[in-house]
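Per TrEMBL, the feature NADP(+) binding site maps to 170, 171, 172, 240. Taken from TrEMBL, the feature domain 'Tetrahydrofolate dehydrogenase/cyclohydrolase catalytic' applies to 10-125. Marked as domain 'Tetrahydrofolate dehydrogenase/cyclohydrolase NAD(P)-binding' by TrEMBL: 144-294.
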Ligand code: GUN
């Protein structure tokens, strides 16, 4: 981390911790009532360093709140057919309340096909077209974890969103597109005017400078520079790129999509990397798993 003095940091780690405490209390109640504790399963294919870390953190978070967790690991030569068969197994396993397939998958596996194979009621990543469609329509849905984590973070930090101009940079299915939809919803925690920018956007810097809230989700380290940010804007950094760094024991530094050293002194509030959006994603995944276990969105077949 660069030596910038900031009293405007948005502490995603602490906010996620608060949510986990709330979830743990609900799990304790379920246990006291003699009910089954929520059970999250994660499928991890291959050995991508970033994915290994994410999945490990997801499993640890389950333990932290009293969930059961199962990690299913496969080599990166698993066939698409075999992976789809594992998904079908989890779909039909009454012990498993929700599961995720960590992305990215090896090139020979079609991620859309895998996501569509997950039963929407167990899709705690909120990636299935049924959950995306219900979210767009304003129906109860399992919401994608990073976008809902961003909205929750803004809300719990007391950052006013109603009527504000949010500029989202990046149109991925996982973050950019869904967060632009959520921020525009007629909700107390949203109600933004949203501009979704991407690789073909003309005058990107100019558009960003009109933002009250910038959400950077392009996966390009330090892409957002000082000239792109209006003084006083709120800056949410979704990027987590591993950049080689020989001075680190791990051999890399985690870089966000925002040039923190330049932008932090300008912003009224900014999320750090790490410790900003990342922990919120995990907290919202746990919340989705709790909702799935309780049959809150889709009633349980046996309930
Ligand atoms: N890869 C990067 N972010 C995510 C996520 O939120 N869920 C899954 N399954 N894979 C990811």
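Keep in mind that glycine also has a Cβ here, set from the backbone N, Cα and C atoms.
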>> Taking 10 A as the limit, how many CB atoms besides its own sit near the CB of residue 172 (NADP(+) binding site)?
In response: 15
> When the pLDDT values for the domain 'Tetrahydrofolate dehydrogenase/cyclohydrolase catalytic' (10-125) are averaged, what is the result?
Replying inline: 98
>> Test of understanding: give the count of other CB atoms lying within 10 angstroms of the CB of residue 171 (NADP(+) binding site).
In response: 17
> In the domain 'Tetrahydrofolate dehydrogenase/cyclohydrolase catalytic' (10-125), how many residues does DSSP call helix, how many strand, and how many coil?
Replying inline: 61 helix, 19 strand, 36 coil
> Among all the protein chains here, how many other CB atoms are within 10 A of the CB of residue 170 (NADP(+) binding site)?
Replying inline: 24
